[in-house]
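As annotated by TrEMBL, DNA-binding region applies to 94-136. Residues annotated as compositional bias 'Polar residues' in TrEMBL: 361-380. The domain 'Homeobox' annotation in TrEMBL covers 92-135. The domain 'TLC' annotation in TrEMBL covers 138-339. Residues or ranges marked as region 'Disordered' in TrEMBL: 348-391. Annotation source TrEMBL lists transmembrane segment at 147-167, 187-206, 213-232, 271-290, 310-335.
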Amino acid sequence: MATAAAGALGLLWGWLWSERFWLPQNVSWADLEGPGDGYGYPRARHILSVFPLAAGVFSVRLVFERFIAKPCALHVGIEDSGPFQVQPNAILEKLFISIKYPDEKRLEGLSKQLDWDVRKIQCWFRHRRNQDKPPTLTKFCESMWRFTFYLCIFCYGIRFLWSSPWFWDTRQCWHSYPYQPLSSGLYYYYIMELAFYWSLMFSQFTDIKRKDFLIMFVHHLATIGLITFSYINNMVRVGTLVMCLHDASDFLLEAAKLANYAKYQRLCDTLFVIFSAVFVVTRLGIYPFWILNTTLFESWEMIGPYPSWWLFNGLLLILQVLHVIWSYLIARIAFKALIRGKVSKDDRSDVESSSEEEDVTTYTKSPYGSSSSNGANQVNGHMGGSYWAEE
């Protein structure tokens with residue numbers, strides 16, 4: 001029994017690391033065992049170093065948020081307090097446990113039972129839902145950490161790629177492939193990116209919960225898979241181009257969110273416009289015509305297709321589909337801004353805002369709350385308050 005299990009495991013292992021799948025024709029894993037230059041050739045065992053590094057990144061994040069981000073948030077006027085507490089009501093609280101969004105018929109019944117106006121009951125449920133959400137201070141600290149990392153890794157990536165020949169001539173990504181040894185700069189770039197996304201994968205379960213949690217989980221998983229896959233089969237040169245291209249807009253989104261939480265609305269609007277322009281240009285322009293062009297056509301010409309080549313390009317094409325979807329969401333927000341003069345709340349927003357006069361008319365007369373202090377959703381006639389869910 002044990003022998004059969006060992007044999008099956010051996011077959012599975014052999015299939016998993018099949019040279020026919022991972023490598024071009026006439027290339028074996030033994031050919032890549034040589035030291036080459038620098039850090040040698042990429043090996044699957046290098047990936048194991050990512051996990052302790054990811055734990056270290058997460059630890060650094062905790063220290064950063066407490067001793068750097070939080071003081072910055074307090075300095076710009078973000079209060080260290082949670083959302084307003086709603087007026088205690090046993091009947092509404094009991095219903096809230098099972099039904100977060102009561103329908104019109106139920107609202108009318110509650111109105112008669114409590115002798116409350118329907119709009120006042122709607123406000124109660126809205127603020128009760130927001131009461132379970134994290135405060136603006138927490139979101140500011142989270143965004144400031146991401147902004148700092150994305151900006152630093154983008155600057156490092158540009159500095160590294162500026163002196164790399166494949167940045168200026170993408171055909172160099174495939175010259176002498178797969179015999180392309182790692183340099184120390186390339187190794188650290190790849191490992192740090194991978195460690196960061198692993199830390200995001202784990203911290204997503206403790207971070208602010210958003211409606212697009214599952215989508216972002218799949219996104220992080222796909223990102224980790226793509227980075228790991230490209231490292232193992234030594235497509236790291238084109239991989240660095242993909243990573244740097246995506247980092248170009250990520251830090252701008254986080255910067256706009258920071259400005260929005262701090263209620264610097266004009267700065268938020270400006271950063272949002274810059275982010276939108278950079279996102280569309282990089283994801284719908286540079287990515288397909290520069291990255292996909294070299295992975296699909298130049299690589300076909302220079303090294304030819306093989307099984308992992310098809311999978312790698314399939315993943316990159318799926319990524320392009322996601323780019324189109326996200327660009328549509330951004331364009332929809334911008335279109336609403338042009339039509340209405342402001343942007344309505346994004347479907348993925350992590351805190352609900354009160355509708356126009358409801359909180360003014362109801363909660364200024366009520367002893368148990370006021371409009372939400374969360375800067376993420378107070379648009380104030382600007383476009384900033386709608387896109388600040390995680391990309």
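Heads up, the Cβ atoms here are built off N, Cα and C, so glycines get one too.
Curation plays no part in TrEMBL annotations; they are all automatic predictions.
Mapped onto DSSP classes, the domain 'Homeobox' (92-135) shows 32 helix, 0 strand, 12 coil. Across all of the domain 'Homeobox' (92-135), the predicted model scores a mean pLDDT of 83.
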